[in-house]
Amino acid sequence: MARWWPILSVVCLCLAVAHGQDKLEGVDVEEVCADRPADEYFRLETDGDCREVYRCTKSGLKEIQCPSGLAFDVIKQTCDWKAKVTNCDEKEKPRKAKPILKTDEPICPEGKLSCGDGECLDKELFCNGKSDCKDESDENACSVDEDPNRAPECDPTQCALPDCFCSADGTRIPGGIEPQQVPQMITITFNGAVNVDNIDLYEDIFNGQRQNPNGCSIKGTFFVSHKYTNYSAVQDLHRRGHEISVFSLTHKDDPNYWTGGSYDDWLAEMAGSRLIVERFANITDGSIIGMRAPYLRVGGNKQFEMMADQFFVYDASITASLGRVPIWPYTLYFRMPHKCNGNAHNCPSRSHPVWEMVMNELDRRDDPTFDESLPGCHMVDSCSNVATGEQFARLLRHNFNRHYNSNRAPLGLHFHASWLKSKKEYRDELIKFIEEMLGRNDVFFVTNLQVIQWMQNPTELNSLRDFQEWKEKCDVKGQPYCSLPNACPLTTRELPGETLRLFTCMECPNNYPWILDPTGDGFSV
């Protein structure tokens, strides 16, 4: 819902402003707008239909109105279905005390900073996830731009490949290679369970016959969630050279669980998920090194601290707003090179030894030469205006050209399999696009890890046939591990009343693996 509300708000603005002036009579705008952020929406009254909110601008208050059937959620700052909004009786987001970080004269000794009430505390106590100020203000200014202990801005003299890559605006090509000599990498990624509902789709797209210019078959990246996954199918995807990454164990549908997750939550969800995949898909080569947050709800510094400790190499959850030139993946030793976009704005502010496989938003306009600008979309299925195969084909080619004709940053095509299966024409158009691209000699369909491998060792097009890192997964070896997997009917005390089938070529565990018992061997209370 949040994806399309800003477009609607523009449509509603003229109507709202036109008939809303009488409601503003007697309102002291100066008082209402004092110390209020310019991008915050709030209500003036709570006895209406919960659709109208206001924002402070230089020319006074502007009224915005949600479309019929929706209500405005002041906490999330977006329109949502009326039944989902529980704060219609609140006028504004709760105000939090802020620390006093910028003053003309220092008010605290060196190495200390001031809480909102003037108390001085050690600088490192600010934004450490624990309230130390009496007014709790030390944890209320912790964004990428505010955190007093934030990562420094990119310093190319201190950041060298293969371990570190950054650039001021994120658009620089690694290794200083000319764009014409850079392979246009395309990553096809899928989120969710791998099972009978989508295995045929994956077989169809990755049929082994479609080859990159270096003679290796095209590859994809699968962010696997646990429930309903067939692990014998995951094992076979891995055997055929695709990258397996994790998408969480429980895939809880409470977005705040992910945004506000503790270190231990992220550990149990992601390291737990990896443990399950390694065990029941028999992946023993340590190749599960990537993760994506459910609903792309990034978990801030806690998520990335866990990733570094658990040797996850990359995250693929942060989105970059649609811009003129797309952004290359980067490491998080230095500050991220673009605004914290997307769901809940909880990007990591500190320095972390982790790669970010940034999701560049797609331009979804039907006719980019003519149509007005629209907000981009990060998952292909969130491009809500794409309703036909023809529109999907245009989306693919236009976005390919945007990347190919600028800095050739990798083009990410991110899907839920159910969307591609919802219309046969979507699948057909994707395959047609892949085959058309493979007719060129400078386009490669690779995994996320292969993108990082190229960036760590930037290699010009004419030398790519012998690029060793891409040869490792070139040839499919052996036969499927088993033709008839065990269909283990299992229960767990964590999900009372549910019997779930676990498909695996390995032995059945005692219990259905879940968050407190990822091995399924049983746990003691």
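A Cβ is built for glycine as well, from the same backbone N, Cα and C atoms used for every other residue.
Unlike curated records, TrEMBL annotations are generated automatically.
Here TrEMBL flags 1-20 as signal peptide.
Residues or ranges marked as domain 'Chitin-binding type-2' in TrEMBL: 30-90.
Look at TrEMBL and you will find Cys108-Cys120 (among others) tagged as disulfide bond. Summarising the environment of Cys108 (disulfide bond), the number of other Cβ atoms within 10 Å of its Cβ, over all protein chains shown, is 17.
Cys133 (disulfide bond) has a Cβ environment of 22 other Cβ atoms inside 10 Å. Annotated disulfide bond per TrEMBL: Cys115-Cys133 (among others), in sequence order.
Sequence annotations record features per position, and here TrEMBL assigns disulfide bond to Cys127-Cys142 (among others). Taking a C-beta cut-off of under 8 Å and a sequence gap of six or more, Cys142 (disulfide bond) has these contacts in its own chain: Phe126, Cys127, Gly300, Ser349.
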Cys108 (disulfide bond) and Cys115 (disulfide bond), Cα-Cα, nearest whole angstrom:
10
Students should find that the Cα atoms of Cys108 (disulfide bond) and Cys133 (disulfide bond) sit apart, in Å rounded to an integer, by 14
Cβ neighbours within the same chain of Cys120 (disulfide bond) - under 8 Å, at least six residues apart:
Ile107, Cys108, Pro109, Lys112, Leu113, Ser114
Around the Cβ of Cys127 (disulfide bond), the count of other Cβ atoms that are within 10 Å
23
